[in-house]
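Notes follow the structure.
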């Protein structure tokens, strides 16, 4: 009896031990599964590749134009750092284009100098790639420069229809206009859309708002053409910059039926002025025109012109130091002899002092 009891007791103890081991195994199973998932995530991160990154100018490139930008192409990540330094270790300030394709130095690079561009890209996993490009700019070019003139003066107030105008002498060939336009920068605060448009012969390009600039807008312009290769045998002359504000809106609305012109400021009628609009055989063209120049005194003279741009005998351009009070520049088709009696209208505007650069007459 005692022997059987001892055997039964031993079996019971063995059974309990096995049950305890089974309980431990079952309890540990979820921990094993959780550990397995976490480990798998870590292995996946370890297997991810860093982003692929390439730069322009290429490393060790020589004879690089001083208008060069640092181009970046990244796959599997985004640009998180750009640093450009010259051969003395000084940092070159640069800003990215809106599309992020290149970084544009805030000033032209210096000729026959060595620069280093260091760019870092970061992937979704947090891994980074850093590339360096060391390049040397070309010596000062002996190619003839195209003269550019920016008709947008620093620290000036313009009307709501004033375009940013850049003129070229000689004109820019069609094949080179895209390269030139790409180096013309306009920023508006607050942000507003705008577009560049060229005159047919390539002698001038203008940047305008779809309708009008907002009153109070600050417009910053950079014509970054210095050293830019233009075509096969020419380069850009110099960089030009200007920042100006947009003031109140003055509009001149002319009604041919009543021969009356309404002068409005910020939409409010100030006065009405009688106008002639020329002879019946030489009618004034209809549409919206922009008043872009001011002089102390001028005489409208369109004799012998078919598609005049500036109708004044004075030739001091708008935005230049010599520009003073009031003359009208209009776009569109003209016939000879138009505006023969408009000096009377001009005298009203000059005397009242209501006309400012860039204000937009209505139809």
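Note that Cβ sites are derived from N, Cα and C of the backbone, with glycine treated the same way.
Database features, via TrEMBL:
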type	residues	note
REGION	39-60	region 'Disordered'
DOMAIN	62-228	domain 'Bacterial Ig'
COMPBIAS	90-100	compositional bias 'Basic and acidic residues'
REGION	90-110	region 'Disordered'
REGION	308-363	region 'Disordered'
COMPBIAS	316-327	compositional bias 'Low complexity'
COMPBIAS	331-343	compositional bias 'Basic residues'
COMPBIAS	344-363	compositional bias 'Basic and acidic residues'
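Away from its own ends, the region 'Disordered' (90-110) comes close to residues 64, 66-72, 79, 82-84, 117, 137, 185, 224, 226-227, 239 of its chain (Cβ-Cβ under 8 Å, at least six residues beyond either end). Taken through DSSP, the compositional bias 'Basic and acidic residues' (90-100) splits into 0 helix, 4 strand, 7 coil. If you average pLDDT over the domain 'Bacterial Ig' (62-228) in this model, you get 97.
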